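Enquirer: Below you'll find the structure I mean.
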Amino acid sequence: MTQKTILRALAGERLPTPPVWMMRQAGRYLPEYRATRAQAGDFLSLCYYPDLAAEVTLQPIRRYGFDAAILFADILLIPQALGLDLWFVTGEGPRLSTVTSAAEVAALKPVDAIHDTLSPIYETVRILSRELPRETTLIGFAGAPWTVATYMIAGRGTPDQGPAHMFKDADRASFTALIDRVTEATIAYLSAQIEAGAEVVKLFDSWAGSLKGQDFDDFALEPARRIITEIKARHPGIPVIAFPREAGPRYAGFAHATGADCVALDNSVDAEWAAAHVQMDGCVQGNLDPKLLVSGGPDLESEVRRVVNAFSNGPHIFNLGHGITPDADPQNVSRMLAAIRG
Ligand SMILES: Cc1c2[nH]c(c1CCC(=O)O)Cc1[nH]c(c(CCC(=O)O)c1C)Cc1[nH]c(c(CCC(=O)O)c1C)Cc1[nH]c(c(C)c1CCC(=O)O)C2
């Protein structure tokens, strides 16, 4: 039986104190992250220099002793590995060359070619599996196909994923071919992370909430089910966390339908509701509002306690409902941990 707390929670064990990590725990709110990022020059170079990517992954572990480390990389490396141009505009976010037709989907690189671009990421995983403390679990990740496709189609982040919905509605067959290609690439990418030493993998479907009805089934649920089924066939025993952000009522049944070991909850979901309707299928992760790490104060402690209490009858990994923001106060993270761990 493993001793790592994250793996115990993912196996369905209820722990007296929930294990904890944070989305974007390696990030701009930490001065040591900003220093290493400056050394790398830019964000993408940081992702592709294994020594520096491993260093920023380790920084929040050293500072706070989180129970899990998440590989430092980005969900948009897959589109780049499939042949798109990718760059980040400071203060604005990602930009990509686009895919908006059947011909452009067909012109993407074959799945086997992704490792040419992504091999430095696997090296980061290998370094981390050597250097992390024994008790810390290493989480690998990828974007879910729908979320990744929204960036590939629009060439950037969009408030309502409009361009992706337009492509889907105009040419469902070509859109499905794009989802299939990203699904296959994601299986290959996550498998390689696991072979390099990732102990858990997480699928980020940040824009799942904009899929409704049959579209949610076809493009959020089904790709996740395919990826999880294949990962579990190739790597028995590796747990998977799914994050269908803003899925609302569709969080209920998501783990059961996809085979995920854990569902990560955003902070629009009421913890008491999720304890009754999602946690019955297994471990849940979440769901403190990241804004509380900016504002701090008594509300931070009372909300931490509310989340811990709401999920205290079943397996739970404490986390935020979304990533910690650059304006968060690092001391508030210590206060959050004190409130969880007592
Ligand atoms: C949608 C998405 C992306 N990337 C990711 C998602 C899904 C989760 C989510 O909903 O946030 C996932 C991601 N991005 C990053 C990680 C590393 C691991 C961790 O959580 O610590 C992870 C798991 C690093 C990053 N990815 C990015 C940063 C900030 C880059 C910087 O240092 O300037 C980090 C630490 C950049 C990024 N990457 C992306 C955007 C839209 C941006 C720009 C917005 C922003 O700046 O926050 C795409």
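Residue 1 is the first one shown; counting continues down the chain.
Keep in mind that glycine also has a Cβ here, set from the backbone N, Cα and C atoms.
Remember, TrEMBL labels are computer predictions, not curated facts.
Under the heading domain 'Uroporphyrinogen decarboxylase (URO-D)', TrEMBL lists 19-28, 139-155. According to TrEMBL, the feature substrate binding site maps to R24, Q25, A26, G27, R28, D74, Y151, S206, H322. Feature annotation from TrEMBL assigns site 'Transition state stabilizer' to D74.
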Enquirer: Could you state the whole-number distance in Å separating the C-alpha atoms of D74 (site 'Transition state stabilizer') and R24 (substrate binding site)?
Expert: 10
Enquirer: Fewest other Cβ atoms within 10 Å: which of the binding-site residues R24, H322 wins that one? Let me know.
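Expert: Counting other Cβ atoms within 10 Å of each of the binding-site residues R24, H322, the minimum falls on R24.
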Enquirer: Report the mean pLDDT of the predicted model across the domain 'Uroporphyrinogen decarboxylase (URO-D)' (19-28), rounded to a whole number.
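Expert: Here the mean pLDDT over the domain 'Uroporphyrinogen decarboxylase (URO-D)' (19-28) amounts to 98.
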Enquirer: Across the listed substrate-binding residues, R24, Q25, A26, G27, R28, D74, Y151, S206, H322, what is the farthest Cα to Cα distance, given in whole Å?
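Expert: Value for the max Cα separation, rounded to a whole number: 23 Å.
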Enquirer: Of all the recorded positions given, A26, R28, D74, Y151, which residue's CB has the most CB neighbours within 10 A?
Expert: Y151
Enquirer: Where does H322 (substrate binding site) sit in DSSP terms: helix, strand, or coil?
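Expert: The residue in question, H322 (substrate binding site), is coil (DSSP, three-state).
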Enquirer: When DSSP is mapped onto helix/strand/coil, what comes out for Y151 (substrate binding site)?
Expert: helix
